[in-house]
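Novice: Found this in TrEMBL, in case it helps:
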type: BINDING; residues: 59, 60, 61, 62, 63, 64, 65, 66; note: ATP binding site
type: BINDING; residues: 233, 236; note: [4Fe-4S] cluster binding site
Ligand SMILES: Nc1ncnc2c1ncn2[C@@H]1O[C@H](COP(=O)(O)OP(=O)(O)OP(=O)(O)O)[C@@H](O)[C@H]1O
Ligand code: SF4
């Protein structure tokens with residue numbers, strides 16, 4: 001693992017094309033805010049210690065991509081893996097809040113940006129534009145080239161160290177940012193995509209477009225997950241299908257890709273996400289827990305299976 005600066009941060013300027021300036025963030029020291037100065041060349045990368053990269057995609061907003069990213073990172077950690085979470089949902093970064101890291105600052109050291117670690121063992125590392133904003137609810141109003149340059153820099157300039165998995169949260173849809181992240185990551189590691197949908201037909205229709213995106217960009221589809229698949233009552237654990245159900249499984253079968261499982265709407269999960277807690281540690285008896293744990297195990301199996309991802 002490359003040496004990360006644990007002590008006072010050095011004031012090394014990151015690689016071109018960025019110029020960086022230390023900017024104070026209220027009550028929590030300085031963070032480095034990148035300012036693009038030129039078109040971005042392909043970077044050699046800082047991902048040499050990362051074994052598997054999982055891109056989490058959905059065609060529609062609000063279906064639970066960030067939730068799945070955060071919880072699968074925790075579930076993989078509970079399986080003894082070292083995990084990184086890269087949040088490239090630049091306009092709606094929610095992973096820092098969900099993992100209780102909101103308000104943390106990114107530091108700079110000789111090997112690049114030091115991610116924010118969730119624990120002393122450094123078993124979950126996070127990088128998000130949310131750490132670079134002066135105010136957590138500030139909007140990033142940038143045009144495509146600047147966003148693409150920041151994504152490139154997240155890939156090339158973060159000192160991830162040794163990771164078993166890097167889970168990447170993306171914006172909804174198939175935009176420029178998706179192409180940028182696929183291009184930026186492609187040369188580094190075997191890459192797979194996890195497609196998230198909800199049971200309603202519209203979300204399933206949108207996820208079909210994600211499947212097309214994966215085919216066109218040569219991304220291996222690790223599997224489909226159906227989220228918000230029924231409401232799990234916290235009192236009796238009865239699962240009520242608020243919407244239709246089974247759409248994700250049918251879609252996966254139709255597309256010839258694995259179906260990894262269904263996660264119910266779970267009030268305990270919602271609360272844990274709001275509070276930034278460790279759901280996989282704190283709620284082993286809750287209805288969403290076995291579903292998430294089983295999906296994480298299938299991802300581990302997929303990572304061990306021969307193939308491009
Ligand atoms: N299975 C679940 N049980 C309870 N609440 C959930 C579940 N999945 C997601 N949520 C809640 O639904 C909301 C939307 O989820 P999330 O932010 O993960 O979606 P997203 O697809 O990442 O959204 P965006 O497109 O805005 O990035 C969040 O408030 C989250 O807490
Ligand atoms: S789901 Fe129905 S049966 Fe279960 S506690 Fe709620 S109201 Fe009662």
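For all residues, glycine too, the Cβ spot is worked out from N, Cα and C.
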Novice: Quick test of your reading of the structure: among the binding-site residues 60, 63, 64, whose CB sits under 6 A from ligand 1?
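Specialist: Checking each Cβ against ligand 1, the ones under 6 Å are 63, 64.
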Novice: Might you list, by sequence position, any residue in that chain lying six or more from residue 64 (ATP binding site) with a Cβ less than 8 Å away from its Cβ?
Specialist: 58, 196, 198, 227, 228, 263
Novice: So which binding-site residues out of 59, 60, 64, 65 are up against ligand 2, CB under 6 A?
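Specialist: Near ligand 2: none of them.
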Novice: Reduced to three states, what secondary structure does DSSP give residue 65 (ATP binding site)?
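Specialist: In three-state terms, residue 65 (ATP binding site) counts as helix.
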Novice: Taking the center of the Cβ atoms of 59, 60, 61, 62, 63, 64, 65, 66 at the recorded ATP site, which other residues in this chain have a Cβ no more than 8 Å from that point?
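Specialist: Filtered neighbour residues, in order: 58, 172, 196, 198, 203.
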Novice: Within 10 angstroms of the C-beta of residue 65 (ATP binding site), what count of other C-beta atoms is obtained when all protein chains are considered?
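Specialist: For residue 65 (ATP binding site), the count of other Cβ atoms within 10 Å is 26.
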Novice: For a quick check of understanding: among the binding-site residues 59, 61, 62, which residue's Cβ has the most other Cβ atoms within 10 Å?
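Specialist: When each Cβ's neighbours within 10 Å are tallied, 59 tops the list.
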Novice: Around the Cβ of residue 60 (ATP binding site), how many other Cβ atoms lie within 10 Å? Please give the count over every shown protein chain.
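Specialist: So the Cβ neighbour count for residue 60 (ATP binding site) comes to 20.
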Novice: Between the binding-site residues 63, 236, whose Cβ has more other Cβ atoms within 10 Å than any of the rest?
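Specialist: The residue with the densest Cβ neighbourhood is 63.
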Novice: What's the CA to CA span in angstrom from residue 59 (ATP binding site) over to residue 236 ([4Fe-4S] cluster binding site)?
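Specialist: Between the Cα atoms of residue 59 (ATP binding site) and residue 236 ([4Fe-4S] cluster binding site), the distance comes to 33 Å.
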